[in-house]
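I have placed the structure first, in the form of structure tokens, so that the comments after it can refer back to it.
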Amino acid sequence: MLSLLVWILTLSDTFSQGTQTRFSQEPADQTVVAGQRAVLPCVLLNYSGIVQWTKDGLALGMGQGLKAWPRYRVVGSADAGQYNLEITDAELSDDASYECQATEAALRSRRAKLTVLIPPEDTRIDGGPVILLQAGTPHNLTCRAFNAKPAATIIWFRDGTQQEGAVASTELLKDGKRETTVSQLLINPTDLDIGRVFTCRSMNEAIPSGKETSIELDVHHPPTVTLSIEPQTVQEGERVVFTCQATANPEILGYRWAKGGFLIEDAHESRYETNVDYSFFTEPVSCEVHNKVGSTNVSTLVNVHFAPRIVVDPKPTTTDIGSDVTLTCVWVGNPPLTLTWTKKDSNMVLSNSNQLLLKSVTQADAGTYTCRAIVPRIGVAEREVPLYVNGPPIISSEAVQYAVRGDGGKVECFIGSTPPPDRIAWAWKENFLEVGTLERYTVERTNSGSGVLSTLTINNVMEADFQTHYNCTAWNSFGPGTAIIQLEEREVLPVGIIAGATIGASILLIFFFIALVFFLYRRRKGSRKDVTLRKLDIKVETVNREPLTMHSDREDDTASVSTATRVMKAIYSSFKDDVDLKQDLRCDTIDTREEYEMKDPTNGYYNVRAHEDRPSSRAVLYADYRAPGPARFDGRPSSRLSHSSGYAQLNTYSRGPASDYGPEPTPPGPAAPAGTDTTSQLSYENYEKFNSHPFPGAAGYPTYRLGYPQAPPSGLERTPYEAYDPIGKYATATRFSYTSQHSDYGQRFQQRMQTHV
């Protein structure tokens, strides 16, 4: 019975649970992007009453259509217990907590949070789309993303490359739900950022791809300048061109040039040209370019090669014994110079730096030091600096001095050390004297820039003065200094010997100059003589052809005149400077003569009869056939081209007009030997200079030539000069005078040359 009761109770409880109202599906939290559709589910079991939705505790209404909320409605099948809330075009106002209620069953669902996401309304970079900046001035690029829910995240890009280091901040709007994000990116613009594009991208959950905006930079900057030199390395005094290349934004307004800080007035272009000196190595040349933003100044030094120049001159130094001394000497030169310190009259190098350090100096260190700078292949310069070392007096006079017996003598005591002596005293024999006169002795003191000189003057030097030692003692603040000086006698030569030697030397010098002039004259004269023909070994014999009747006593081989002439021209054609061929035309009564004078260029090498005797006259004269007439002396000097070397000699005639009487001609002397030389004279064409000794043409004198008489007159009467031997007497002694037997009176004078190889 009891068990049956338990079964009945259990069954009744199960039945009651099967018919109870409950939520089979409740609304849950949901997120939606603004503008999208959202559905909040609500499903009830075993309920057929009224269902309503609340928003943040506010009832939205009953039924499926919610007239107060046009975008809201309850959807689903009521028979199936579906009371879902649908929200279309979600807005920020829809962002709330929702609850489904079964009022008759007194049931409430759990609250569901609907979150509405809102993308940034706008993304903007302050100052865009083009931002003008100053180069070198830091600037913050600012990007703003407005009214986003949740707050937007901002990313920066520079020409597509993401940038780090931006700083972001958010600002909550008054609705308490949306936020504005501000991001700042710090940049330091340069002229290279001109045209650079910066992009700001903002994003949140509502728009994961994000929104972008970009700006472009326009950077104003002072001119960017490059200064160049051409050539880069020059010698002092050469020309250099400076070129100033510049870029700027905005445009360049002008150029200015300066050297060593001083403006160059006449330079206003981008190019400056000048001659450089050593100062361009130490004083820079600057180019300044300016625009509206500012100016840029660029400087440069020129690599000028120049000789050493002093920068710090060494100064004379005075110090005490035992002290340390530093001498300073600074030079500048290019290429880098070599510096040496030496002591005067010594080649030992003491230092190679700008400073010379001398430790614990003594008086021996006193003197002049030389600071020498050497720039290889450019130049050398030096400076001298004296060093004075204070100490006891040092007497630098000669230990032996000289004087002439009977004359005035001097004994000198010189102190060149520092400081100058306070006292100087002389002592000799029993005498002591500082200054003044004592008997024949006088002491004088003289101060000069190099030291102090004390002089002991002796009047009428005697033998005893040469036997005495002279003591010179000087004192200064450092102590005394002493020197012993010996006076010795100087031998003097008599004035007559000196004068005679001087005169003799002068005479010898004069004779030497005369001999030198004569030697040079003879050498110059000899150099103008013979010209050696350096040709083949050819022997040439010149044969004079004359009328047969005038030389009937001579016989020799003959040759064709035309052949000899051609050979002569062929051999002597290259020596036309040494062959003087002249033709004199002279009309005396009825005859016309041709005369030639020629210098033998072979110097007698081809003279095959040089051993024969020759007349003293070098002019070989030939008689021509002419009508009888009054004789006349025809004087002429020997030719300059007449030499003893065997030159061919041809006759010329004087053209001097007849005038007053003169002395009778002298017969020729005996024939001179072959080696005899006579004075060389010029070739003669006109001999008016012989007018001082003319012979009249109508005075009864026949015409004569030097050395040979004229043919007798037609009357066979001898003239006053017939005492001379016939012309044939000298025919064999005349050089190259070999007359053909076949010649006649009607033929003109010709020469014939025989050549032997």
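Numbering starts at 1 and runs along the chain as displayed.
For all residues, glycine too, the Cβ spot is worked out from N, Cα and C.
On a predicted model such as this, the values are computed, not experimentally measured, just so you know.
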Candidate set S12, S360, S397, S574, residue annotated phosphoserine in Swiss-Prot: S574
Looking at the disulfide bonds in Swiss-Prot, identify which of C42, C143 pairs up with C100. C42
Please work out, from what Swiss-Prot records, which of C329, C472 forms the disulfide with C413. C472
Quick test of reading the record: Swiss-Prot lists a disulfide for C371. Which of C287, C329 is on the other end? C329
Say you check the Cα of N46 (N-linked glycosylation site) against those of the recorded positions C143, C413, N471; which is nearest? C143
List only the single closest residue to C143 (disulfide bond), chosen from the recorded positions C100, C244, N297, N471 by CA-CA distance. N297
Might you list, by sequence position, any residue in that chain lying six or more from C100 (disulfide bond) with a Cβ less than 8 Å away from its Cβ? F23, E26, P27, L40, C42, V51, Q52, W53, Y83, L85, R108, S109
Over the span of the domain 'Ig-like C2-type 2' (120-216), count residues by DSSP class, listing helix, strand and coil in order. 3 helix, 62 strand, 32 coil
Of the disulfide-bonded residues C200, C287, C472, which one has its Cα closest to the Cα of C329 (disulfide bond)? C287
Tell me, how many other CB atoms lie within 10 A of the CB of C244 (disulfide bond), whichever protein chain they belong to? 25
For C244 (disulfide bond) and N297 (N-linked glycosylation site), what Cα-Cα distance in Å is obtained after rounding to a whole number? 10
